[in-house]
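*Asks:* Let me give you the structure first, and then I'll get to my questions.
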């Protein structure tokens, strides 16, 4: 019994040993039987697998390193990956890739030399192995670039790039072509067709309406309906038929000239109408501002008399910084005051004088009562209650050759009475109400004006956004004007001006202003407004300030650079496109809007928004 069991164990162990040794012997014999050609076929299959999976490996590597990629680098590579040219900001990475490519080329040359002494079958195997090694070297080069945060892009031919650029640029060519055909068709319809061609005219009208419905207000080709190409072809056929119906070319040329003249006249009329509407919008008070003024005026008269006055301050202290603005606009005067105070390094030394008329005095007073300025002092003055203007001044203003209420306003010319309005002051800075202060103006008070009366930024350089010449405002054909003044003299701008009131009083320039103003009204020697008569009154009395103190041109399309605006101490919205009007220029409005409290309840109720 024990003998039987022993034989069973021996048999089982023998079978186990045979099952282990048999595969080893079989595989070794199989490997020995593989010929060189079979080995070449095997390597070729392996190389094909490597080539097929190369792009997949590259994409997988990019996905794994995607979070580290911040900016794509430019790459130019061949389709068969025989060469790789990489644009990288790192010289070190470039040297690494180039050295790898050089080693690779040397390796390939050595292999080629060795293959010359081998049989053809072995050379085939070597070539396949070389291609596989080439692919491996390229993959290693890509790994290096991926480590340097370089993104690989699939190669694109030159024709593909040109096509892509053309598609990006020509996004409205089809729309323009359709509109040209419509214009051409309408021109033919306006011409008298010879003979009996009613069918052609009918077809042309139908095609025109079809294209007009297809295009509508479309400006891009991608928004055109799919039927537009067919309709365009039908229009071209109709235009060809119509063109063959005309034989009298001189008559057609005459008709087209008449149509051109009519179109030009219509364009000129449209321009005149647009200019008139712009001027009308500039002179009209916006509904929101009118609502705000009415609400503030009503609230002002509901207050007790003793509560209507601002706290009395040192309004006549000559050691403080005095600023003045003449305005009938609540928001405009508020922006001037707020921007000046917020930009100042010493707001407690600022005294702001806001001069207005009787109509707007309650509203402006109520606004500053509701919105105190903090440490700065504010004084609201009514020009109609001050006995500084001559009794006949209003009559002189009405004689100006202008219907613009802004020009004939008493506030516009009250600036020429500054020494009389502020008899206790020696210096003062005058603002127009369409300015915004962006820098501290303390340095102005320490300027030595060398005996001049007014400090201003000059505007006599051609190409300057605020360029003006004397002869464009003043009639130098008059003998008296040409003898006393120089037409080539440098002009200067209002907006922000520093006045030496002591020197003004000494030279009695207010009397000079009244004399010149009366002469100008009687003889029509210059354009209406305060600027021409101001140039003549202060002729030879101007101290030039640096340009950065006052940058103008924000009230019209002047092409100002953003850097010039942001570096300016004061920006001036000279022109009709004021920032509080709907016609204001959006890119310039933002400098004004930041000083307007649009969250204020009164502005919300009057629908005044940013």
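The first residue you see is number 1, and the count goes up from there.
Backbone N, Cα and C atoms are what each Cβ position is placed from, and that goes for glycine too.
According to Swiss-Prot, the protein has these features:
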- 86-101: compositional bias 'Polar residues' (COMPBIAS)
- 110-123: compositional bias 'Basic and acidic residues' (COMPBIAS)
- 124-135: compositional bias 'Polar residues' (COMPBIAS)
- 139-170: compositional bias 'Basic and acidic residues' (COMPBIAS)
- 88: N-linked glycosylation site (CARBOHYD)
- 94: N-linked glycosylation site (CARBOHYD)
- 196: N-linked glycosylation site (CARBOHYD)
- 338: N-linked glycosylation site (CARBOHYD)
- 401: N-linked glycosylation site (CARBOHYD)
- 475: N-linked glycosylation site (CARBOHYD)
- 86-170: region 'Disordered' (REGION)
- 1-6: topological domain 'Cytoplasmic' (TOPO_DOM)
- 28-610: topological domain 'Lumenal' (TOPO_DOM)
- 7-27: transmembrane segment (TRANSMEM)
*Asks:* Can you tell which of 338, 401, 475 has the least company, meaning the fewest other C-beta atoms within 10 angstroms of its C-beta, among these glycosylation sites?
*Replies:* 401
*Asks:* Measuring Cα to Cα, how many angstrom lie between residue 475 (N-linked glycosylation site) and residue 338 (N-linked glycosylation site)?
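*Replies:* Cα of residue 475 (N-linked glycosylation site) to Cα of residue 338 (N-linked glycosylation site) measures 40 Å after rounding.
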*Asks:* What are the DSSP helix/strand/coil residue counts across the topological domain 'Cytoplasmic' (1-6)?
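*Replies:* Going through the topological domain 'Cytoplasmic' (1-6) residue by residue, I get 5 helix, 0 strand, 1 coil.
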*Asks:* Roughly how many Å lie between the Cα atoms of residue 401 (N-linked glycosylation site) and residue 338 (N-linked glycosylation site), rounded to a whole value?
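*Replies:* With distance taken Cα to Cα, residue 338 (N-linked glycosylation site) is 36 Å from residue 401 (N-linked glycosylation site).
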*Asks:* I need to check the long-range neighbours of the topological domain 'Cytoplasmic' (1-6): which residues 6 or more away from its ends have a CB within less than 8 Å of a CB in the stretch?
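*Replies:* Sequence-remote neighbours of the topological domain 'Cytoplasmic' (1-6) do not exist; the answer is none.
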*Asks:* Specify the secondary structure state of residue 338 (N-linked glycosylation site) as given by DSSP, simplified to three classes.
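*Replies:* It is helical.
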*Asks:* Do you know the mean pLDDT across the topological domain 'Lumenal' (28-610)?
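*Replies:* The average pLDDT of the model in the topological domain 'Lumenal' (28-610) works out to 78.
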